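Notes follow the structure.
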């Protein structure tokens, strides 16, 4: 074989392995951090996209919620967290909005233009395609709010659709043929409108899931207002997943209605996030994640693990049970001490009675006995 040809084949194999290793290492998942506009909890985003492992992203969430990172965090990972977070450990938001979005590219979430609501966001590449485990110390110290419905078939009413359309500056036209068969009209940036026909399955799934998402964000805001009026002040984690864009892409493709739907979603989330920031007085950080293609569609990217702190009694009861010999030894010692203590008390009582009966009648003893002398 020609040496130059062999060298070219070898170089091609090496480049292929490097490319494959890069895809395995970084995957396709991306997280976008949205800092508070009034308080800065994150460092200024750089022009280059950083990278964090799933465990490091989970540790970042724990720190932002006001908890210590996992003890398994390495020094190198701590250095990466220092590049993302502000160094002040006493100034944490203790509230986060974490939303996973399927069927969207990270470049579609972040626009370099100043008009984009996420133009100043920090984009982080996820190393690998594992889920992000967020470890929290105690369920009594954190409030978890889900943004998803109770099931995938959860529907909303026509009034909720109409209120949502009015909130975005659009409208909902009911259909006399039946409920949830009307047309949802929503404005987009170029002055045109996105028209969603609720009789279409993809349109209905996108609209209802977005309405439920926004309504649950409002519910989280109401829960926070209850906490502000009470003595209890737990950390607050608002989590959810949105599959509406993927539903539009599966039915219409990535252009046209799906692209307009993405624009409506970004505008809706931006407006809801601003409302949350006002309610939380800027003490809130948002995270929007785009799951890679290698991830399982049925598995959420974010997973929360709450470990209750064990009490002293619980620790005592979880000790290993002693064997019969140890039990016998303990019982023997306790019985012996009880008998010795009882005998000493009995002897002391008898001696006291004896000395009392044989006590001579003198002036001092009568005074001690409260006898009044003339």
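Just so you know, glycine gets a Cβ as well, placed from its N, Cα and C.
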Transmembrane segment per TrEMBL sits at which of 316-336, 337-357?
337-357
Mean pLDDT across the domain 'DUF7794' (28-289), rounded to an integer, is what?
84
